Amino acid sequence: MSAANISISGLLLGLLLIAPSMLIIWRFRLGFNKQLLISVLRMLIQLSFVAVYLKYIFLLDHVLVNLAYILAMVLFAAHSGIRNSSLRLKKLLLPTFLSMLLPTMLTLLYFNWAIVQIDNIFQADILIPIAGLMLGNTLKSNIVALKSFFNMARKEEKTYLFLLANGASKQEAARPFLKEAIRTAMAPNLATMATIGLVSLPGVMTGQILGGSDPVLAVKYQIMVMVIIFFNSLLSNVLQLLFAIRQGFNKSDQLDKSLLTPE
């Protein structure tokens, strides 16, 4: 069995659902119809480009091209993560980029070598989609972690300074912020794993079943995807916040408020 095709007319009929959505937004004066239209337009343009160039990337399947594509994905994710965390790019872009790149490459290569056990661990049609799944979820948790960390550092600054004054190192004084930020960021991942298959059928499993895969194989992939997403997000959050402790405080170990955008 192969996936049912969606025709152009089917796509247009699906997009018609935007109209009643806009009506609801207008009726309740929610005020984001313009944002909705821009978001839908961007989605259509971006995914159309993705469909075209992924087709050629998969056909070419060259290791350098595949790695360059992943580097670009990580760079965009790091940039978006900092912007959406209401922080300034200058000092945090490189640390955030590295904290996403290193776990992603480690997890990807382990997935292809040890779990899927394919001959070419840089195979485009596995490497790039799995990277996209991991980065999308890691980006969301990284935004939560960064926001939580710097919000706590700002609100609990007196406690932090008190700990410093009593002999704690910067790392020791900031550890409560790090722990709470990681707990907050990882809570949705834990909740998703605990309820998966009961509350909803997850995306990877649904996609594979629609594409004609055996449900048992689809479940195997979904289990592995959930595990690698959790591992990748956790490792990325830890690295990101360790970098944040290093870069987010000045030489006097005080919070560098130049990193924070106005509330």
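Here the Cβ of each residue, glycine as well, is placed from N, Cα and C on the backbone.
All annotation found in TrEMBL is predicted automatically rather than curated by experts.
For reference, TrEMBL has these:
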- 6-28: transmembrane segment (TRANSMEM)
- 40-58: transmembrane segment (TRANSMEM)
- 64-82: transmembrane segment (TRANSMEM)
- 94-115: transmembrane segment (TRANSMEM)
- 190-211: transmembrane segment (TRANSMEM)
- 223-245: transmembrane segment (TRANSMEM)
(request) Mind checking which residues of the chain, 6+ beyond the ends of the transmembrane segment (64-82), have their Cβ under 8 Å from one of its Cβ atoms? (result) 57, 88-89, 92-93, 96-97, 100-101, 104-105, 108, 122, 124, 127-128, 131-132, 135, 138-139, 142-143, 146
(request) Would you kindly list the residues that approach the transmembrane segment (6-28) from elsewhere in its chain, counting only those six or more residues past its ends and only Cβ-Cβ distances under 8 Å? (result) 36-37, 40
